[in-house]
Amino acid sequence: MTLLLGPPGCGKTTMLLALSGKLSHSLKVAGEMSYNDHKLEEFVPQKSSAYVSQYDLHIPEMTVRETIDFSARCQGAGSRAEIMMEVSRREKQAGILPDSDVDAYMKAISVEGLKSNLQTDYILKILGLDICADTMVGDAMRRGISGGQKKRLTTGEMVVGPTRALFMDEISNGLDSSTTLQIISCLQHLSHIMDATVLISLLQPAPETFDLFDDIILMTEGKIVYHGPRSSICKFFEDCGFRCPERKGVADFLQEVISRKDQGQYWFLTEQPYSYVSADQFVKKFKESQLGKNLEEEISKPFDKSKNHKSALSFTSYSLTKWEMFKACSVREFLLMKRNSFIYVFKTTQLFIIASITMTVLLRTRMAIDAIHASYYVGALFYGLLILLVDGFPELQMTVSRLAVFYKHRELCFYPAWAYAIPSAILKVPVSLLEAFVWTALTYYVIGYSPEFGRFLRQFLLLFLVHLTSTSMFRFVASVFQTVVASTAAGSLAILVASVFGGFVIAKPAMPVWLAWGFWISPLTYGEIGLTVNEFLAPRWEKVVSGDTSIGQQTLESRGLNFHGYFYWISAGALIGMTVLFNIGFTMALTFLKPPGNSRAIISREKYNQLQGKINDRDFFDKDMTLTAAPAKSSTETKKGRMVLPFEPLAMTFTDVQYYVDTPLLILMKIGGRIIYSGPLGQRSSRVIEENEDLVKQLSSPTPGSKELHFPSRFPQNGWEQLKACLWKQNLSYWRSPSYNLARLFFMSSGASLFGLLYWQQGKKIKNEQDLFNIVGSMYAVIVFFGINNCSSVLPFVATERTVLYRERFAGMYSSWAYSFAQIFWSFHSMFCTLLFFNYEGMLLVSLTPNIQVAAILASFSYTMLNFFSGFVVPKPHIPKWWLWLYYICPTSWALNGMVTSQYGDVDEEISVFGETKALSGFVEDYFGFHHSFLSVVGVVLIIFPIVTASLFAYFIGRLNFQRR
């Protein structure tokens, strides 16, 4: 077991990634790496070795036991079965009777494909995770295991497998020294008993942890200064002139002796003047030492491949068969669906409510069989399609949240992308069936569609396929764009494109010829074709109105949907094909795309040395870049740059506090390194309590002349200063979030360009009611879908900010009102009126919900209501009186009212309307209920909406706290 030691940034992580075969291909690599004389290209290093990252990536909905069980199942038993058979054979030959417990354990961990493995219980026990084995991992908003337990879980996830080469990166981060000692001790036994190779990088190991290692690799500036036995490292540095003090930890000494700032204090050759020894000089001295020569000789010897066991290296990418991998991923996906059952129940309940509202607005008793009401039926069909399209949007959020763990498992060769993608698609089929059935069963006969039961079943089938296509599409979008902000913007753009080209917002004949292809790539197109053909080719719509044209045929022709009946089945087939295509794209994206990560600027070694010479080490390089010795500085040199803060020291004491820790507290120290107690604890810390009771009593009595600790207000600054500080903070946060701003700008610019091209000069060609519907449809789409993008994109941004707010508000830094109004100001800076309302609505939804998934579902519910009561799908005069209040509280209805009325409310040009001639302004009043005289009121109401929404956000973000920690 080897310790990799070195200062931050010296290349420890890069070295571990290189040894485990996970180094980025964009880096230039010199030299060769081999396992048992096999080069990395000759086997699968990801399966032969395991890299344990310093970052803890786990699915928060799974428990500790489930996480390790899944890892053990994916990694398989390796060569344990073969080893067990060989051991049993030799025992029989020698007449040895094995210990029954050991024999049972060895047999139990040698079985492949078990859901729960005895090895898991063993790992949980030795890592101290047995006490939280059935606790969910959790995240920033959900209570789960502690940070130290997460770190141990990350280690256990890899140790549970059969891999015998472990490369572990900073596994002690967030752990106390006792836990670190326990884990390293466990790994020491593993490496010695199982003959495993373990390389662990630690930043500052405690002395007792340091002593457990066999070898040490010391790095600095990307170079290996020492690689050899732990027991010989102090001797090597003594030969270089540096001695470790007796009471100094060796690990701390090693970190400081290679540092320019701290090196001089360890120079012990007083008869010689000290001069800084660089990393290159240490490397040279090590190569010249006996240790370095022995290492070079050992490496140069060729490995005898005949001694290599066939199971020592893995030559296949995966441990399990395809069927076992599929089963493992399916079981986990089903488990996650059960853990997220609240989300699915919430979605279904939401759909039930929307369907109930829709069917009571469009009651069959108010729907006649004529040309005017036929447009209402078309609107109802489009609205149903849009509902089920948007209902799949939360799938995007859930997919993005699990991508980080998937990429981790992919790099570890747990399973291929298809084993993850196929269960995700198949197990969501029942959800799509349920959603489509709820909508169809509630609305079909109440709205008054054609009464034939076969047509009911066909509508249900098509809505099911639309929902299935929607969830597949959003999974695909999430896998391509990978981050929440980018995926949300791309998903909103997908909804916009699908809706605009779906054949309702703008009729197919009105589309430019060179953009007609957009009609055929929209999933809503096939849903619209199938549903309208299913409805308007029914017998009740065969009444002839003019010539040989029936009402149903006339309605279909006006929309450009005049297809034959068999196009229903073509539409169904097209939706199935799209679903398959999106899932194939999802699988391909997961297979080939790289995981998102922080970009790093990479420069050559020569450039690095040059920069170091110019910036950091000017005093140590001459004109020819030759290293020169620097004179040692006197320890008595005056230290400058320090300041004394005018704070009065305060003593805080506690009495009758009961607090227990697992390990002794042996020494109590105070600031300055002064020891106030050193000795045994005694039973239940009785000795410490006895020694310190007098001290507590003394400190509990106020000193003469002191005042009671009192704060005049809860916060250190007044409201105005808090607001200014929060404005400054939000300014930095806003402009340093390019993904958020660029995504919104991209959506707006691309959406505006699309609308400009699609509706080119349409406003000058109003000859009939369909031409007006096209123009009003453009305004409706701009208001609703651009607003939806604003609301959707702000959800993850504010959700992240809210976590910070909880922490900073608890610390008393500022009030929630200062924070919320700072958020509101910077949103006001970028948006206004209707779009501003949607921005504030997204912020309000985050403040009302426990997590972003529920916020996204609630947002989709609000989108449907804002869509349905905008006055376009169902005009105001046709909305029943008992639902008219919803029309008035929807800002989209006021915005559409203002836009249409300001453009056409005073235009008296006559147009053809359902076979009659009527003034354009009169038709706007009669059909939509928009009056030009009411325009000033509309303007005032549009200003009120964002003010009310912003105030509600400010109130709820301060009152509600969903953090469960």
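Residue numbering: from 1, along the chain as shown.
For all residues, glycine too, the Cβ spot is worked out from N, Cα and C.
These features come from TrEMBL:
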DOMAIN    1-223  domain 'AAA+ ATPase'
TRANSMEM  342-363  transmembrane segment
TRANSMEM  375-393  transmembrane segment
TRANSMEM  425-447  transmembrane segment
TRANSMEM  459-478  transmembrane segment
TRANSMEM  484-507  transmembrane segment
TRANSMEM  514-533  transmembrane segment
TRANSMEM  566-593  transmembrane segment
TRANSMEM  742-760  transmembrane segment
TRANSMEM  772-798  transmembrane segment
TRANSMEM  819-840  transmembrane segment
TRANSMEM  852-875  transmembrane segment
TRANSMEM  934-957  transmembrane segment
Can you tell me which parts of the same chain pack against the transmembrane segment (852-875), counting only residues 6+ beyond its ends and a CB-CB cutoff under 8 A? 340, 342-343, 346-347, 350, 353-354, 357-358, 361-362, 376, 379-380, 382-383, 386-387, 390-391, 393-394, 396-398, 401, 484, 776-777, 780, 783-784, 787-788, 791-792, 795-796, 799, 841-842, 845-846, 883, 886-887, 890-893, 896-897, 927-930
Beyond the flanks of the transmembrane segment (514-533) by at least 6 residues, Cβ under 8 Å: 378, 381-382, 384-386, 389, 458-459, 462-463, 465-466, 469-470, 473, 497-504, 508, 555-556, 559, 561, 563-565, 567-568, 570-572, 574-575, 578, 757-758
The transmembrane segment (772-798) and the transmembrane segment (566-593): do they have three or more Cβ pairs under 8 Å, with pairs 6 or more apart in sequence? no
By a Cβ-Cβ criterion of under 8 Å, what residues six or more beyond either terminus of the transmembrane segment (772-798) are in contact with it? 375, 393, 484-485, 488-489, 491-493, 495-496, 499-500, 504-507, 510, 737, 740, 743-744, 747-748, 751, 755, 758-759, 762-763, 766, 823, 827, 831, 834-835, 837-839, 841-843, 845-847, 852, 855-856, 859, 862-863, 866-867, 870, 872, 892, 895-896, 899-900, 903-904, 911, 920, 923-924, 928
Top stretch among 375-393, 484-507, 742-760 for CB pairs under 8 A with the transmembrane segment (342-363)? 375-393
